[in-house]
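Undergrad: Quick one: the structure is below, questions incoming.
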Amino acid sequence: MTEQHVVTLPRATAKRIPLYYRYLCMYRAEGITRIKSHELSKNIHIPAATIRRDFSCFGELGKSGYGYDVSHLIDTFARMLRVNELHKIALLGVGNLGQALIQNNFRRNDNLRITCAFDTQCPAIGTIINGVPVYHMDQLAEKIREQGITTAISTVPSVSAQEAVAQLTAAGVRSILNFAPARLKVPEGVHVKYIDLTSEIQTLMYFADAENTENNMKEALATFAAPE
């Protein structure tokens, strides 16, 4: 058996790897065989120095003046992201958002698939939506263990999120994407990523307003300082 060296990455670097991988695959599809960090930087808006630092976590991937071999980078990141394995995902909550996720079901990614969904009172319980069976929450532990699922998406309301996530972790789930704004208590070793659409929009609005205010201040100062 070949021993694989596991690279432990800084969290910020790990979050950027899927973005690098996506763009590198696009480059290869366009016939590009090598690329320099400053060229990649222009497209993904990440500083070239950050890209080089991220890539250095994997050893000597490139040469000064030559750049990086695109296929080699893709192979390296593909192993880390395990793109050649099918990752089954459980979905909690089959409301409007849940059904939208099922209809999309990672159609651009061959290795990610929602394979089962759960709810407590949705009319869709007992039916199949876009190939995904919808079960009552009472069957969650059985189905998750049956399929060996370790990743889940939760779209249930905040009031129900903690109880639902407790059921997931008890069944062996270790990675959860949570769309409820509530912060959850999970056992050590369980990773939760929060997607709060309201907070994201409010943050965008703040930065847009702040930039607008700064521009107005600059214009006012320029007018004040201009000679008559």
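Using N, Cα and C of the backbone, Cβ positions are placed for all residues, glycine too.
Note: TrEMBL annotation is automatic and uncurated.
In case it helps, TrEMBL gives these features for our protein:
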type	residues	note
DNA_BIND	19-58	DNA-binding region
BINDING	GLY93, VAL94, GLY95, ASN96, LEU97, GLY98	NAD(+) binding site
DOMAIN	82-183	domain 'CoA-binding'
Undergrad: Among the binding-site residues listed here (GLY93, GLY95, GLY98), identify the one with the smallest other-Cβ count within 10 Å.
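TA: Each of the binding-site residues GLY93, GLY95, GLY98 was scored by Cβ atoms within 10 Å; lowest is GLY95.
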Undergrad: Just to be sure I understand, if DSSP states are collapsed into helix, strand and coil, how many residues of the DNA-binding region (19-58) fall in each?
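TA: Computed counts for the DNA-binding region (19-58) are 28 helix, 2 strand, 10 coil.
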Undergrad: Hey, which of the binding-site residues VAL94, ASN96, LEU97 is the loneliest by Cβ count within 10 Å?
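TA: Each of the binding-site residues VAL94, ASN96, LEU97 was scored; lowest Cβ tally within 10 Å is ASN96.
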Undergrad: Which are the residues of the chain, GLY93, VAL94, GLY95, ASN96, LEU97, GLY98 excluded, whose CB is within 8 A of where the CB atoms of the NAD(+) site average out, their centroid?
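TA: Nearby residues not in the site list: GLN99, ALA100, LEU101, ASP119, CYS122, THR155.
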Undergrad: Mean pLDDT for the domain 'CoA-binding' (82-183), rounded to an integer?
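TA: It averages 93.
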